[in-house]
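Chemist: Here's a structure for you.
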Amino acid sequence: MDSEVLVALSLSLVGGLSTSLGALLVILTKAPNLKMLGLLQGFAAGLMLSISFFDLAHNAINSIGFLKGNLWFFGGVIFFAIIANFIPEPSLAPTSDPKSKKKHGDEGGKDIMKKHRRQVLFSGIITAVGISLHNFPEGMAVFLGSLKGLRVGLNLALAIALHNIPEGVAVALPVYFATQSKWQAFKLATVSGLAEPLGVIIVAYLFPSSLDPEILEGLLGAVGGVMAFLTLHEMLPLAFDYAGQKHAVKAVFFGMAFMSASLYFLEISLPADIGL
């Protein structure tokens with residue numbers, strides 16, 4: 001393995017593993033109640049929407065044009081809308097017999113909590129997948145930045161590391177709530193961050209010789225569409241259910257503003273000819 005690739009791989013690990021730091025912030029604190037979980041789900045939805053619209057779709061439109069960028073984006077939406085029809089909803093059948101409810105009141109309460117946990121776990125997995133797809137091009141950027149010099153690569157890796165901490169929180173929190181397992185929460189957040197060094201390996205050995213840059217931008221735009229659909233279809237309803245519509249909407253916009261600011265500071269740390 002070339003020394004340049006090793007340096008880029010090491011720097012991307014710094015950024016990618018910062019999701020583990022976000023997970024640690026979650027598992028070292030007390031598990032949240034449903035309302036707090038709803039607010040944090042709203043915040044995570046804001047992160048995902050900001051990445052989808054202001055990062056992936058925006059870059060695709062700027063790179064390959066308005067029409068092509070939108071076709072790729074909505075192609076991603078339609079593709080995953082079709083896939084979603086074959087994904088079973090994480091719900092439980094309600095108990096219809098009132099006598100049975102009275103007799104098994106405790107069991108009914110456990111079923112409701114079990115349903116909440118299954119829904120939240122599903123949203124956590126969705127968040128992990130979305131964050132992983134978002135981290136992939138960041139690994140590419142770290143590789144290209146490190147080719148410019150160690151200082152550029154290091155600055156970029158540190159900026160990404162700060163940017164990834166709240167993403168680790170967004171992944172680990174619902175998993176921790178649903179499974180009550182600190183290890184599962186930490187593991188899933190860490191795996192989502194490892195997409196970054198994977199991006200380094202792929203761009204070093206397959207790109208640009210094996211993949212047209214226009215196709216790559218289009219695919220990332222489609223990923224933005226998939227993330228937007230997942231957020232609006234799965235995460236936002238949970239935030240509304242648990243935190244209430246008004247509070248959840250505020251949390252969503254706070255998450256969007258936070259991620260937009262993070263993307264801005266990440267952007268200004270890049271050289272002019274390298275973009276995420």
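One-based numbering along the chain as shown.
Cβ coordinates are placed from backbone N, Cα and C, and glycine is handled just like the others.
Below are the features I grabbed from TrEMBL:
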- 6-29: transmembrane segment (TRANSMEM)
- 36-57: transmembrane segment (TRANSMEM)
- 69-87: transmembrane segment (TRANSMEM)
- 120-136: transmembrane segment (TRANSMEM)
- 156-178: transmembrane segment (TRANSMEM)
- 185-207: transmembrane segment (TRANSMEM)
- 219-236: transmembrane segment (TRANSMEM)
- 248-266: transmembrane segment (TRANSMEM)
Chemist: Under 8 angstroms, Cβ to Cβ: which one of 6-29, 36-57, 69-87, 185-207, 248-266 has the largest number of such pairs with the transmembrane segment (156-178)?
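Modeler: The stretch with the most contacts is 6-29.
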Chemist: Take the transmembrane segment (185-207) and find every residue of the same chain, 6 or more past its ends, with a Cβ under 8 Å from one of its Cβ atoms.
Modeler: 2, 4-5, 8-9, 12-13, 15-20, 22-24, 26-27, 124-125, 128-129, 131-133, 135-140, 142-144, 160, 164, 167-168, 171-173, 175-176, 179, 216
Chemist: Looking only at the recorded stretches 36-57, 69-87, 120-136, 248-266, which one has the largest tally of CB-CB distances under 8 Å to the transmembrane segment (6-29)?
Modeler: 120-136
Chemist: Mind pulling out the one from 36-57, 69-87, 120-136 with the most Cβ pairs under 8 angstroms to the transmembrane segment (248-266)?
Modeler: 36-57
